[in-house]
Amino acid sequence: MASPSTSNLSPKLLLLSLLFGSFVVASVGNLYQDLDITWGDGRAKILDNGQLLTLSLDKASGSGFQSQDEYLFGKIDMQLKLVPGNSAGTVTAYYLSSQGPTHDEIDFEFLGNLSGDPYILHTNVFSQGKGNREQQFYLWFDPTADFHTYSVLWNPQRIIFSVDGTPIREFKNSESIGVPYPKNQPMRIYSSLWNADDWATRGGLVKTDWSLAPFTASYRNFNANACVWSSGSSSCSSNSPSSTSTNGGWYSQELDSTSQERMKWVQKNYMIYNYCTDTKRFPQGLPLECTATTTS
């Protein structure tokens with residue numbers, strides 16, 4: 001996007017623009033400018049002059065989209081409204097990912113439900129091709145009744161998953177103890193709505209009811225305050241560490257005491273699975289990051 005004219009800015013705003021203008025990529029809400037529909041043969045649609053995107057799933061196919069830009073660190077926000085009613089067997093995936101066998105990935109996945117049962121929010125972090133870092137949550141609201149904001153903050157020190165501004169999970173950089181951390185591979189945003197009734201709902205016991213198709217999830221208000229990766233370099237590389245660290249706070253952001261308490265509240269009341277407590281799964285010992293911190 002072209003930069004706005006600075007000729008009419010106040011001196012203070014002009015200084016802010018010069019400091020941060022090349023660093024912040026702030027979407028203006030037009031999804032045509034930010035996202036590309038990648039598959040689904042017409043089942044994905046951008047509507048309302050670029051203000052709304054819908055993905056649909058029927059027995060023949062699901063659908064998906066990806067961001068036009070790649071990012072190497074950023075704060076990514078998207079509002080989603082999930083498939084209503086009986087969505088058993090469906091998965092709405094919204095995630096960051098690089099490419100290749102040693103890819104990095106940061107996942108939100110929403111596992112469908114029978115009517116009246118809660119959705120399961122499934123999170124995971126992959127680094128250098130290795131995942132198996134699942135944490136799962138119920139939500140404290142009906143995610144099909146309205147739009148809610150799902151955010152990933154990814155900086156060199158940590159990854160923070162948030163829902164409506166409430167942090168639910170933090171994955172810290174634990175390279176100092178030998179845990180790989182996603183920091184070198186640029187990632188795109190991807191989302192897809194697809195059938196996973198072999199595992200998604202009650203371990204695959206509940207199948208998709210195709211008589212209810214098409215299933216539809218909705219997206220709006222995508223926003224990326226991020227370092228855009230292009231032609232082998234980052235849009236942030238020309239900025240000094242001192243300027244990037246103050247930009248909007250996200251590049252060096254960590255959870256303050258209030259946010260830590262809110263995350264603990266979510267994990268105490270709504271977390272239903274944590275790989276860091278699954279001793280049966282890791283009989284030789286929990287992953288290193290699990291014992292390094294209590295929030296990884």
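Any Cβ shown, glycine's included, is placed from N, Cα and C.
Sequence-distant neighbours of Glu105 (active site, nucleophile) (same chain, 6+ residues apart, CB-CB distance under 8 A): Tyr95, Leu96, Ser97, Ser98, Asn124, Val125, Phe126, Gly131, Pro182, Met187. Taken from TrEMBL, the feature active site, nucleophile covers Glu105.
Here TrEMBL flags Glu109 as active site, proton donor.
Residues or ranges marked as domain 'GH16' by TrEMBL: 3-219.
Counting every protein chain shown, the Cβ of Asn113 (N-linked glycosylation site) has 24 other Cβ atoms within 10 Å. Among the features that TrEMBL reports, N-linked glycosylation site is placed at Asn113.
Residues annotated as signal peptide in TrEMBL: 1-26.
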Sequence gap of 6 or more, Cβ distance under 8 Å: name the residues on the same chain that satisfy this around Glu109 (active site, proton donor), in order along the sequence.
Val91, Thr92, Ala93, Tyr94, Tyr95, Leu121, His122, Thr123, Asn124
Pop the mean pLDDT for the domain 'GH16' (3-219) in here, whole number is fine.
90
